[in-house]
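Copied from TrEMBL, the annotated features are:
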REGION    1-52  region 'Disordered'
COMPBIAS  1-11  compositional bias 'Polar residues'
COMPBIAS  25-42  compositional bias 'Basic and acidic residues'
TRANSMEM  57-84  transmembrane segment
TRANSMEM  104-130  transmembrane segment
TRANSMEM  151-172  transmembrane segment
TRANSMEM  178-201  transmembrane segment
TRANSMEM  213-231  transmembrane segment
TRANSMEM  243-263  transmembrane segment
TRANSMEM  284-305  transmembrane segment
DOMAIN    284-482  domain 'Major facilitator superfamily (MFS) profile'
TRANSMEM  320-338  transmembrane segment
TRANSMEM  350-368  transmembrane segment
TRANSMEM  374-400  transmembrane segment
TRANSMEM  407-426  transmembrane segment
TRANSMEM  446-472  transmembrane segment
Amino acid sequence: MEPRTCSGSSQVERDGTAVGIQAKAAEETVNKNNEDRMEAGEKTPGPPTKPTRRQQIALLLCGFLACIQTLGLGQAYGMFQLFHKENVGKPTALLSPSEGKNRAAIASVGSIGGSGICLILGLCLVPFLCRSSVLASTGRRSRSRAWPHTVSWISAAGALISFLGYFCASYSTKLWHLALTQGVLVGVGGALLYNPVIMIAPEYFGDKVRGKATGFISAGAGVGGLVYSPLLRFMNEKFGIRVTLWFLGVFVGITGLLIVAFTPPPRPSTRRTFLPKAVRRDPVLYLTLVSGFASSLAALIPYGFGPEFSTLLGSSTKAASIHLIVLNVVGTPARIGWGHVRDKVGSQNAMILASLFLAISNFMWVGAALTNGIAIWVVFLVSWGIGTSGYGTIIAPYVLDVFDSEVYFGILASVNVFRGVGSIIGNPLAGAILGKEISHHEGGSYFKWLITFNGVMLFIAVAALVMARVLIARRTGWKLLA
């Protein structure tokens, strides 16, 4: 950003006396402010210290754990959908037969609790994180950098609300009960656990390793899906869905307390702004929002409806859960891999590559649907797991690289809002496209319109990112690695 100049600056430069008076007045003001701080027991602000290795390790582990318990659980929600579908009218069912067949509504519970509200509510946390960061830089409050700090309090609230959400869901008897508990409460709790850690993480690492660091943190989502998919299937069949929900409440609450205890505070910053006028007029911002919405709307559909598609191809419930495990297991190392790609080719290039890879992978789903082939379906799941891990891994470094650090919190939160809306809409819309009744005689081709819709959304995301790349190149000059 160019420094501002006033109309009378040339006259002041010619007047040496005026310059001397201004410099002396400025020096006296600084000295007076420092004296006031010393009298108040405050330290004069200096340059922010570099993050310690201990802080970086703690942040990596806490972020990894937060992703397991929020996004990872959301990616395993397909096991709950499968349970509701297969237990319609049975004594083990949680819902009435009419509600158990409402696939769009059941899918919306997972969309809201899994990542929808989790991403959307990040916007509400921006003022608190900005204030904590600025106070830490000015030295006005030592407690803003010592435990318990802002992130600690937010995460503690998240752990408590997540526990209440799952615990109350275990006593649900109606679909709207699940929507309020496993949907809204779990979503709010997940937002308070996930967002603070993810938003402060990139600023704790240098540019050369920032991608790999966020990749490691994001890998928690894949690990969570990998662990929870078979665990939820086993517990639902062995103990019932109510015990499973009660267990999740206790476990997520306890691990949330670990995040509270060890997450470091936001990095100091002299100034944080939300979305200034210049940013609001920037088309790159809106192209980024479009890409986030479109990719998130499509990306989670195979996680929610993949197990059901597997059964249409002739797979058993156990095999369907294994297919979901495959989808998650490849995403774990892929997130670290995408982080490495970002460090090598730049955030903009990595985002385009990840989105394009995902869009091309959708054609494999077309092949599986038309041929009812299990083999090509598994290949699709592997490629999809690799592709979906890219956007969430790279988006935070992308925002920090493309936009100024002063507006980083606000822009990342805004992008996550659109990603959250896409996540909420995606699976319910997919359920509406499929309809309530399953046509088993059609096999995989029953999904053809949903797969087409998915592909259109993904190529819209690619187009938006390419347009943003072109606009940025026009402003700053073309760079191969950007």
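Glycine residues also receive a Cβ, built from the backbone N, Cα and C atoms like all the rest.
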Could you give the mean pLDDT over the domain 'Major facilitator superfamily (MFS) profile' (284-482), rounded to a whole number?
88
Taking the transmembrane segment (151-172) as the first stretch and the transmembrane segment (243-263) as the second, find out whether 3 or more Cβ pairs fall under 8 Å, excluding pairs closer than 6 in sequence.
yes
Applying the under-8 angstroms CB criterion, which one of 57-84, 104-130, 178-201, 284-305, 407-426 scores highest with the transmembrane segment (213-231)?
57-84
Give the one range among 104-130, 320-338, 407-426, 446-472 whose Cβ atoms make the most pairs under 8 Å with those of the transmembrane segment (178-201).
104-130
At a Cβ cut-off of 8 Å, and with pairs 6 or more apart in sequence only, do we get at least 3 pairs between the transmembrane segment (104-130) and the transmembrane segment (446-472), yes or no?
no
Take the C-beta pairs under 8 A between the transmembrane segment (57-84) and each of 320-338, 374-400, 407-426, 446-472. Which stretch has the highest count?
320-338
Other parts of the chain folded back onto the transmembrane segment (374-400), taken as Cβ under 8 Å at six or more residues beyond its ends:
71, 198-199, 201-203, 210-211, 214-215, 218-219, 221-222, 288, 291-292, 295-296, 299-300, 302, 306, 309-310, 313-315, 323, 326-332, 334-335, 337-339, 342, 347-348, 350-351, 353-355, 357-358, 361, 364-365, 367-368, 408, 411-412, 415-416, 419, 444
